[in-house]
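Engineer: Sharing a structure here in structure tokens format.
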Amino acid sequence: MAPAQNQITSKHVAVIGAGPAGLITSRELRREGHSVVVFEREKQVGGLWVYTPKSDSDPLSLDPTRSKVHSSIYESLRTNVPRESMGVRDFPFLPRFDDESRDARRYPNHREVLAYIQDFAREFKIEEMIRFETEVVRVEPVDNGNWRVQSKNSGGFLEDEIYDAVVVCNGHYTEPNIAHIPGIKSWPGKQIHSHNYRVPDPFENEVVVVIGNFASGADISRDIAKVAKEVHIASRAREPHTYEKISVPQNNLWMHSEIDTTHEDGSIVFKNGKVIFADSIVYCTGYKYNFPFLETNGYLRIDEKRVEPLYKHVFPPALAPGLAFVGLPAMGIVFVMFEIQSKWVAAVLSGRVTLPSTDKMMEDINAWYASLDALGIPKRHTHTIGRIQSEYLNWVAKESGCELVERWRGQEVDGGYLRLVAHPETYRDEWDDDELIEEAYNDFSRKKLISVDPSYYLENGR
């Protein structure tokens, strides 16, 4: 940690977004003594986790004039991280066994996550800092290191304000990334990105190709298989010869290597040589980072899903500490990442912790990029740090002077990932890490975060 010699100061900070990252960041900023205004374009907290049956007017979300929907949640979604690890460290995501309106499962549905987020906002009185139905349309640096934030409310009124700092928490699951497929422009079938997928009904009796086989791809392919004639998964992570029948009750799901080409007769050719005639393609191919409101005078750019340059995925050196990002990395312990990153941002803004010089931060960034290159890791995976998530979070925690990440959190998430890969149909309901669950609830008890004996959760959780 780099403790500052300067006097502790309170800053006027704008936070963009009232999803989990924005809510947690706002709490930490206020705890550090800053005054905070949160801008949220929707009517409620929750961000991504606010489910809506609506979707973008363009199913591929390529048309810049399309009507947009922020959420990418599908109706059947359940978490892919266990609730013990998912919650904020001083506000655990506890099951409500006595409330039938809540989902008490270890891997709950999206409505339970939204309820937890709403509970968090109420508990810490975050909503009093939020301007709902207010969209940020422009953020730009001005004199003296300050920032101009232009916002537009539901009535269309534009307002310009000056802030000492801006923390961007707008999420990165809204702007779809579409994989390039040879011949796709002349292929006649339907195409949709998972951002716009909600329920399987539109695919009834169809032959469907799902591109991508990680969390959303595994979920959506099996969801569609309930109603489709056939579902074929195309995965670039598989060997070119891959062709496997996947066991599902409907007996209609296959795994392939990636697509080689498509044709105007409706055929799709996989690199394993198999040919099918499909009705629809669903792209489960991830998302792009997107900050359409942000003007940085060329100091920050996005290149192949790399937001650069960013010191430790948070601070752009030339603009720090007045501009910061919370929540960019892809990892399993997401809410805890929001918490630890925002503690660091809050401490730096108050002057309690100092950053290295601009040159030192750039040296660190370039060393990180060089290490990725040496390992052959593509630029698009710059912010994919799941394998080193505990190491990264503990480094940030030490910088901000807060508690390190509990051992059991990383172990739960890593074990869950292995189960997801090996048993995507059952990993949420069958597990073999009860000792980690016990360790988690004993930890909550020691910290006086639960008022009943840990055995209550252990016995009812099964």
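For all residues, glycine too, the Cβ spot is worked out from N, Cα and C.
As listed in Swiss-Prot for this protein:
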BINDING   Gly17, Ala18, Gly19, Pro20, Ala21, Gly22  FAD binding site
BINDING   Gly212, Asn213, Phe214, Ala215, Ser216, Gly217  NADP(+) binding site
TRANSMEM  318-338  transmembrane segment
Engineer: Centre the Cβ atoms of Gly212, Asn213, Phe214, Ala215, Ser216, Gly217, go out 8 Å, and tell me which other residues of that chain have a Cβ in range of the NADP(+) site.
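Structural biologist: Neighbours within 8 Å of the Cβ centroid, excluding Gly212, Asn213, Phe214, Ala215, Ser216, Gly217: Ala218, Asp219, Ile220, Cys284.
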Engineer: Quick one: Cα separation, Gly17 (FAD binding site) versus Phe214 (NADP(+) binding site), in Å?
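Structural biologist: One finds 27 Å between the Cα atoms of these residues.
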Engineer: Please report how many Å separate the Cα atom of Pro20 (FAD binding site) from that of Gly217 (NADP(+) binding site), as a whole number.
Structural biologist: 23
Engineer: Quick check on the binding-site residues: of Asn213, Ser216, whose CB has the lowest count of neighbouring CB atoms inside 10 Å?
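Structural biologist: Fewest other Cβ atoms within 10 Å, among the binding-site residues Asn213, Ser216, is found for Asn213.
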Engineer: Using C-alpha positions only, work out which of the binding-site residues Gly212, Asn213, Phe214, Ser216, Gly217 is nearest to Ala21 (FAD binding site).
Structural biologist: Ser216
Engineer: What is the interatomic distance between the Cα atoms of Ala18 (FAD binding site) and Ser216 (NADP(+) binding site), given in whole Å?
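Structural biologist: Rounded to the nearest whole number, the Cα-Cα distance is 23 Å.
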Engineer: Centre the Cβ atoms of Gly17, Ala18, Gly19, Pro20, Ala21, Gly22, go out 8 Å, and tell me which other residues of that chain have a Cβ in range of the FAD site.
Structural biologist: Val15, Leu23, Ile24, Thr25, Glu40, Val45, Gly47, Cys169, Asn170, Gly171, Gly327
Engineer: Under 8 Å Cβ to Cβ from Gly217 (NADP(+) binding site), same chain, six or more residues apart: give me those in sequence order, or none if nothing qualifies.
Structural biologist: Ser194, Val210, Ile211, Ile233, Ser235, Cys284
Engineer: Work out the three-state DSSP category of Asn213 (NADP(+) binding site).
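Structural biologist: It is coil.
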Engineer: Near Gly19 (FAD binding site), which residues of its chain come within a Cβ-Cβ distance under 8 Å, counting only those 6 or more away in sequence?
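Structural biologist: For Gly19 (FAD binding site), the qualifying residues are Val45, Gly46, Gly47, Leu48, Trp49, Ile117, Cys169, Gly171.
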Engineer: Can you tell me the three-state DSSP label for Ala21 (FAD binding site)?
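Structural biologist: Helix, per DSSP.
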Engineer: Can you tell me the CA-to-CA distance separating Ser216 (NADP(+) binding site) and Gly22 (FAD binding site), as a whole number of Å?
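Structural biologist: Here the two Cα atoms are 24 Å apart.
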